[in-house]
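Noted in Swiss-Prot for the protein shown:
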TRANSIT   1-36  transit peptide
DOMAIN    37-307  domain 'Deacetylase sirtuin-type'
BINDING   58-77, 140-143, 249-251, 275-277, 293  NAD(+) binding site
BINDING   102, 105  substrate binding site
ACT_SITE  158  active site, proton acceptor
BINDING   166, 169, 207, 212  Zn(2+) binding site
């Protein structure tokens with residue numbers, strides 16, 4: 001197989017969110033397969049020396065906090081999977097149903113807290129920052145649990161459940177209302193057989209900008225949509241400068257994020273995967289640590305004996 005070729009930022013900025021790589025890059029993301037190491041001692045040697053650490057996180061790290069992933073067997077809301085509802089077409093066809101789905105997800109987060117994995121990442125960022133070392137999190141998650149745990153250097157490439165975007169004026173705003181609008185109160189039950197609320201569009205969340213009143217949508221990246229070029233430029237810079245990369249709780253099947261860690265590995269930077277199972281990318285990385293992230297990450301990111309702690 002051909003080695004992975006670094007995908008230039010001008011290409012990455014044009015990529016869209018999806019479950020398969022764009023045709024133009026499918027032949028660029030293959031690496032020679034090798035068995036990854038599970039030696040924590042060896043990983044810790046790299047960790048002790050790293051000055052710029054990138055952590056790429058996915059749904060697995062939040063699943064340990066009880067956040068529904070809508071992936072795999074049982075990953076349904078009513079009779080739909082996320083990819084059935086998280087699309088521009090679904091919103092255009094039935095905005096009430098899509099808003100019920102996202103209202104349910106927002107309300108669920110009210111009872112969820114960061115787990116040991118989130119906390120280990122945030123603590124590591126704070127500790128290493130005092131040593132002049134950089135830790136940045138690139139997350140595909142939209143639940144804000146990294147932020148809640150205290151992570152500051154955070155790139156939320158798929159947006160946030162708690163931001164809205166007006167379909168008329170384009171204004172993006174934080175929104176932590178519960179419920180987000182009166183008509184959604186008590187709606188969004190996930191059980192199969194639950195009937196759609198069929199809320200009139202004028203009663204769905206509306207823009208509060210003066211003179212607008214347009215329909216709001218969740219400020220998240222839906223399947224088939226382009227990712228924000230500005231955020232992806234930041235991602236590209238972080239990947240280009242990191243000297244250690246961790247891939248945490250991600251299935252490595254959603255693009256373009258699935259390309260990020262292989263890009264880094266292609267230039268010889270050690271990459272460590274932390275997951276409850278192997279993924280299509282496992283053999284492209286130097287390390288693989290199998291198990292719950294809340295168990296493996298605290299050990300991996302703990303203060304090293306060679307660190308100078310102020």
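The backbone N, Cα and C atoms fix where each Cβ goes, and this holds for glycine too.
Annotated features taken from Swiss-Prot, shown on the structure.
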residue: 66; record: NAD(+) binding site; DSSP class: coil
residue: 102; record: substrate binding site; DSSP class: helix
residue: 140; record: NAD(+) binding site; DSSP class: coil
residue: 158; record: active site, proton acceptor; DSSP class: coil
residue: 169; record: Zn(2+) binding site; DSSP class: coil
residue: 207; record: Zn(2+) binding site; DSSP class: coil
residue: 212; record: Zn(2+) binding site; DSSP class: coil
residue: 249; record: NAD(+) binding site; DSSP class: coil
residue: 276; record: NAD(+) binding site; DSSP class: coil
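Every protein chain considered, the tally of other Cβ atoms within 10 Å of the Cβ of residue 140 (NAD(+) binding site) stands at 22. If you draw a 10 Å sphere around the CB of residue 212 (Zn(2+) binding site), it holds 14 other CB atoms from the protein chains shown. A Cβ within 8 Å of the Cβ centre of 166, 169, 207, 212, the residues given for Zn(2+), is found for these other residues of the same chain: 167, 168, 170, 171, 208, 209, 213, 214, 216.
Listed binding-site residues: 62, 276; maximum Cβ neighbour count within 10 Å falls on 62. In the three-state DSSP classification, residue 58 (NAD(+) binding site) falls within coil. The C-beta environment of residue 66 (NAD(+) binding site), restricted to residues of the same chain at least 6 apart in sequence and closer than 8 Å, consists of 111, 112. Under 8 Å, Cβ to Cβ, and six or more positions away along its own chain, residue 169 (Zn(2+) binding site) finds 207, 209, 212, 214. Shown are the binding-site residues 70, 102; the one with the most C-beta atoms within 10 angstroms of its own C-beta is 102.
Inclusion criterion for the recorded positions 102, 105, 158, 166: a C-alpha placed within 10 angstroms of the C-alpha of residue 140 (NAD(+) binding site); this criterion is met by 158. Spacing of the residue listed as 'active site, proton acceptor' relative to residue 62 (NAD(+) binding site) is 15 Å (Cα to Cα, whole number).
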